[in-house]
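A.B. asks: Starting off with a structure, shown below.
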Amino acid sequence: MVLITEELVRKKSEHNERLISTLEEISLHQEDIEVIEHIQNWCRDLKILLLQSNLIARLENLHKLKRLEYLNVAINNIERVENLEGCESLSKLDLTLNFIRELTSVESLCGNYNLRELVLIGNPCVDYPHYRDYVVATLPQLNSLDCVEITPSERLRALRELSKNRSIIVQKQVEQDIERDEQRIRVAKQQSALAEHCAGIEDEEERIKAFWQAKSEHCPEIRTEIARQHRLGRERHETKSPLDPLKPQRNLFAPCGRPYNLNQAKLPFKFRDEADHYLLQLEVYRHLDTSLIDVDVQTTYTRVTVKKKIFQIAYSEEVKPDESTVQRSQITGHLVVNLKKLKVNELLIAKKSPTKSPAAPFDAGKKDGKPEEAFHGGVVDISNICAPEDLPDLI
């Protein structure tokens, strides 16, 4: 059973700097809450309260919320409308997909004179004959019911038939109450038989499979049991056994210390080797938040982490990490990393003489009467003079 604690409320009030006394809106959906408590004492100024997708069985402890305008308790286990008379400012009430059979309980909302919208879709009472006419006539302050606007002619017609419709609905409620009592007994027997069947299964996976394959009815007890099984499944998934095999860690470096080339994210990329820099263009997903991208530029490799997936590329020459730049396109989302090389190839440029001799070309290469190859000047790449050191192939 999940309780509404101060820690939970503060966690959900980050938009208000975790101050709960001045809180005007809070969302406590999908928390498996079974009882509404403490909120009316801690958050007196609440205007919007969202409690959908929980296991709440009863509307209670809300009468002090005088400023509450919107209450959403859809997809819970509520069986009747009650204890909302003190919510004077309530203008919208959402009770979608609950188990409300007692339709006459909506008469408790007659004092909520600010109520304009009521949603009862997905409840058993919606199938009652003259359901809409009865609610429209009982709550004259409503403007819409089940997201459908109420017209003046519809309201007049419903008021004329109110007494007759109410007697029909009361009779239908009695039948539903009898059916509900029988359902409680029937579901209790089914749950007991299922528990005995699952207890005889030793394999945990087979036991879980047997539960989910069993036929069940649509009722509060089954919804609570399903939520409990979901919670147990999450706990089993989060709690790892010490006997479970650990996932092998991916090696990023060779035994000799050389970085590997990796592309776990399977991202297309381009890598250009220019004279004085490297240029890496990584095609990151266009709509990916930049906060999910981490770039680490080192002297011999660059590592880009995209949603915990690693892209790593090594280069043959060292770079200057402090002078490198990282940019991302606002149009395509691509990542561009400009890596300045530490040692740029030295180029020997022969200087041309300031004056040219009018002598013949074959005389320019002679010295002391010996022929010499003419040197016309140009660029010499010294990287080809010495052979590079033997390095193992990159992976």
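Placed from the backbone N, Cα and C atoms, the Cβ positions cover glycine too.
Under the heading coiled coil, Swiss-Prot lists 170-196, citing sequence analysis as support. Annotation source Swiss-Prot lists domain 'LRRCT' at 128-146. If you look up Swiss-Prot, you'll see 264-355 marked as domain 'CS'. Feature annotation from Swiss-Prot assigns repeat 'LRR 1' to 20-44. Taken from Swiss-Prot, the feature repeat 'LRR 2' applies to 46-65. Here Swiss-Prot flags 66-89 as repeat 'LRR 3'. Taken from Swiss-Prot, the feature repeat 'LRR 4' covers 90-110.
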A.B. asks: For the domain 'LRRCT' (128-146), what are the same-chain contacts with Cβ under 8 Å, counting residues 6+ beyond its ends?
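C.D. replies: Apart from its flanks, the domain 'LRRCT' (128-146) reaches 103, 106-107, 109-110, 112-121, 154-155, 157-159, 161-162, 165-166, 168-169, 172-173.
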A.B. asks: Mind checking how the domain 'CS' (264-355) divides into helix, strand and coil residues in DSSP?
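C.D. replies: DSSP composition of the domain 'CS' (264-355): 3 helix, 48 strand, 41 coil.
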A.B. asks: Which residues of the same chain, at least 6 past either end of the coiled coil (170-196), have a Cβ under 8 Å from a Cβ in it?
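C.D. replies: Here the qualifying positions are 101-104, 124, 128-129, 210-211, 214, 216-217, 219, 221-222, 225.
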A.B. asks: Per DSSP, how many helix, strand and coil residues does the repeat 'LRR 2' (46-65) have?
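C.D. replies: For that range the per-state counts are 0 helix, 3 strand, 17 coil.
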A.B. asks: I'd like to know the mean pLDDT over the repeat 'LRR 1' (20-44).
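C.D. replies: Summing pLDDT over the repeat 'LRR 1' (20-44) and dividing by its length gives 93.
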